[in-house]
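One structure below.
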């Protein structure tokens, strides 16, 4: 669950009944690709007549480089570079979306004072300056946990309000016939709401009992699917065609300020996780720093590392100023890096590294998801870019 669930009701309005199917199907697909991605970290080894799985890779980049070996001498390095660029882009877009949401919520909360949007964005940036000094995953994980608890509470409040309006619900907004462009942008939004593959290799590596990873992944995707589907459907039934890009904009004036302030705090506290991950990747690639896992103590931030982090923070800030459209930016990110990192690459890795051990059924599933990812990515990018250019 993330703050991007606030854009799902609007995506559901654009995609109709097919969007409900996509919310469920995307959860299953993302759970599957997350599982096979982590499976690519392991190789089978025979020991004493028995076969055991040994973790020989530790990151998304390691998997890419293993897939590229033997294809061309320079491909492993090129493949690792490309996947790092994709990861940084997705994380940067995630940071930008948090800033877009924070700015919008702060602007709405101070609407009576007529504060310019640019000032609200600058205030949000000031709150995020401590991220420059984050060197340990433990405080980041604590903030993420608090954000998750706050988000569940806020979601329940919105859902309870929708249930109180049950007498005025209408199914007329949902339909089987939808505009193709609206639908393709919505697909990117829905996919992006489930993306977590970037975090899965280090997450699985940090677990005390790695054998429970697939069970954890299945339960969390199932719970998120139920929550997101109910949340989106109740909101659409309540507000229909008037559903806003960020659903909290539809709340009544007496409830919206409280919810918006809570969401503002959540958005600002959610920013450190993608920022920390992007900063670690950039520092490793540009400065040769060795990333720390959650079991190591924090370290100081060197001057070069501080410059990299400052550049990352300011880039997300400038993007948030230039592209204020929440749903279109979310759809573009989902179509570009979300589809690639979540649908296309995990299936390619799985087919490349474990083809001989896969059943025909597993091979067909991977090929189908891969094909679907390519179609969604290309068409979604075209539609999202077209609308973003028109909105600027």
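Cβ coordinates come from backbone N, Cα and C, glycine included.
The transmembrane segment annotation in TrEMBL falls on one of the ranges 283-305, 329-351, namely 329-351.
Beyond the transmembrane segment (306-323), the same-chain residues lying 6 or more positions past its ends with a Cβ under 8 Å from any Cβ of the stretch are 92-93, 95-96, 99-100, 103, 118, 121, 125, 128-129, 131-132, 275, 278-279, 282-283, 286-287, 329, 388, 392. Only residues 6 or more beyond the boundaries of the transmembrane segment (143-163), in the same chain, are considered here, and those with a CB under 8 A from a CB of the stretch are 1-3, 5, 227, 230-231, 234-235, 237-238, 247-248, 251, 255, 259, 262-263, 265-266, 269-270, 272-273.
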